[in-house]
Protein chains: 2
Amino acid sequence: MQTVKLDLAHAPYDIHIARDLLTQVELIKPLLLQPRVVIVSNATVAPLYLKSLQDALEAADIQCHSIILPDGEVYKTSETLNLIFDELLTERCERKTTLIALGGGVIGDMTGFAAAVYQRGVPFIQIPTTLLAQVDSSVGGKTGINHPLGKNMIGAFYQPKLVLADLATLDTLPLRELSAGLAEVIKYGLIDDLAFFEWLEANIERLMARETEALAYAVERCCQNKARIVAGDEKEQGQRALLNLGHTFGHAIESGLGYGVWLHGEAVAVGMMLAAFASRELDQISDDDIARIESLLKKAGLPVQAPQLGNERYLDLMAQDKKVDAGKIKFVLMRCLGESYIGELNRETVIAALDAGCSSV
Amino acid sequence: MQTVKLDLAHAPYDIHIARDLLTQVELIKPLLLQPRVVIVSNATVAPLYLKSLQDALEAADIQCHSIILPDGEVYKTSETLNLIFDELLTERCERKTTLIALGGGVIGDMTGFAAAVYQRGVPFIQIPTTLLAQVDSSVGGKTGINHPLGKNMIGAFYQPKLVLADLATLDTLPLRELSAGLAEVIKYGLIDDLAFFEWLEANIERLMARETEALAYAVERCCQNKARIVAGDEKEQGQRALLNLGHTFGHAIESGLGYGVWLHGEAVAVGMMLAAFASRELDQISDDDIARIESLLKKAGLPVQAPQLGNERYLDLMAQDKKVDAGKIKFVLMRCLGESYIGELNRETVIAALDAGCSSV
């Protein structure tokens, strides 16, 4: 078992990474404030893993209740959140009852937000079952729901007590979801870890084949990178925004096409391509760099061409982003391969990037 | 102008108390991260005070937008909260846009919660316009909304950047609302301030007549008491729960009768009577103490007799309280007049208190 520590002064916690962690209740039990948990999962993941988790908890005399939500980004809404509250209140869950998120990014974000605001805050644990959630969304305490006018617009910074990344749950992950997770994996290489980007170029086939050793290394490396960045800037006042590489364009794609049409990771992959094109416009990265990014994304089974929403629609959707300050949109751009920074783009550069990214490749 | 400081290590702030603070924009302007605010108010308060505030802000080159909600506890819901989000997103409010709550406890709680979760947190300022909000709800960072199954069940601890208690706004406060505020004022005397309780016995008529000097003293004393307790226990891990004196019974009354039938302060007044009866059952306070509490509440124009919901219904409603731990309800009880503590009650004592409190006085 590998363990990455997230060193936040007020709330440090462990991220454990290994196969078959799901039933290792001895990792969970010491953290509970009362022998009672509520597991939040979805209709896809629950049939696969809920019983194992629940049996293990109950064998350790921990009372379990489960809430099964419909699966998909389209359900990451205030309506679904209210279903969680209804159930927590009907079950008379208390301030010391721990919520456990068992699922991918949507389940983790919603469960975390429910934990942040139910009775003004109850403890929660993340058990991410997708690659995307294991390398990114379960770590760092960003929680929230979507609004028809923007993704993740309502939420909280609220840290879990523990993250259990059980690599065995990736065995059942649909290929499309594996690829979506790899988009966030590749993102860490592009942010500030050229060595990891090069490791990915050499090992992408092993990851696509789900070799445990390769997956374990990638998840650990991503969590280490994320933990370092988050520990330095928990509330995203500065450098944490680097983790949004590809996300400003990506959120516009998700929101513009309708949540769930593209997976988040797919939108981020194309978002990174657009950020690369914008950076090339600024004479920062080369055609050769872009070719390497595109090649790696393609080998990871990801799209590299942006959907045709129309430039004005893209600009309008991005103007709603959380990183907007005084009307100016902030972008994460690439100074060179493996080194990103936070900057601004003028309208012409955004349009040039969109023109390059939307044209048929 | 009196100023009480709330000394929280991570987020200290000032509570200013005086007449005509509403237009003193120099108190607000230095705290803004961008020259832009959104004022949230209700249909009762806005016609009285919104224009003065808005004109003063605009004269100082601060861009204003206002959101007017319907008035009343019955609107403290997720539906109304979503109206705020819709407007903030439609207006493209940013992470640095400050929300200003202009109104009573409902507006303050909802605006504070909206600020806590919009884009994972934006700054907010409280301008409480009721006595209850000035002495209690605007100070200390408890924010939230009601759920059909329980009051304030969804929320966050989220501190304002500033509280402006403009005593002139109390001129227009309906008498019933003034009385409701006095319930929370009297509460501070009963928690741990016998000298203030005795001052209230001597000055209740001056407060009912809205003498500025008396109101200023009462608001300042309450804010000092609240600031001291909150600074010692921001997240209500211990002593902060003393501020809930009368609230466990009170929330059951509000929820049981339907939100808005009784005002929050009225329910708290009766809740304090029930807490007193329970404490007498435990041989802690005397008949004479109870008579003094009852007399003061009556002079403040408050009810002292509990509505007949039936004992089982009371017990059921209270089992939903946020202070429940492992199925046991915590109550704030009175060791003697002017000294409260957090304890538990067995079923028989609760029923005896309800029998005493519901019988015709």
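Glycine residues also receive a Cβ, built from the backbone N, Cα and C atoms like all the rest.
Marked as domain '3-dehydroquinate synthase N-terminal' by TrEMBL: A:67-179.
The annotation NAD(+) binding site is assigned in TrEMBL to A:71-76, A:105-109, A:129-130, A:Lys142, A:Lys151, A:169-172. Around the Cβ of A:Val74 (NAD(+) binding site), 14 further Cβ atoms fall within 10 Å across all displayed protein chains.
Taken from TrEMBL, the feature domain '3-dehydroquinate synthase C-terminal' covers A:181-324.
Annotation source TrEMBL lists Zn(2+) binding site at A:Glu184, A:His247, A:His264. A:His247 (Zn(2+) binding site) falls within a helix when secondary structure is assigned with DSSP. The Cβ of A:His247 (Zn(2+) binding site) has 26 neighbouring Cβ atoms from other residues within 10 Å, across all protein chains displayed.
Secondary structure from DSSP puts A:Thr130 (NAD(+) binding site) in coil. Closest to A:Val74 (NAD(+) binding site) by Cα-Cα distance, out of the binding-site residues A:Glu184, A:His247, A:His264, is A:His264. Within 8 Å of the Cβ centroid of the Zn(2+) site, not counting the listed residues A:Glu184, A:His247, A:His264, the chain contributes A:Leu132, A:Asp136, A:Ser137, A:Ala183, A:Lys187, A:Gly246, A:Gly250, A:Gly265, A:Ala267, A:Val268, A:Gly271. Counting other Cβ atoms within 10 Å of each Cβ, the binding-site residues A:Gly105, A:Gly108 show the lowest value at A:Gly105. The most crowded of the binding-site residues listed here (A:Asp71, A:Glu184) is A:Glu184, judged by how many other CB atoms sit within 10 Å of its own CB. Taken as a whole, the domain '3-dehydroquinate synthase N-terminal' (A:67-179) shows an average pLDDT of 96 in this prediction.
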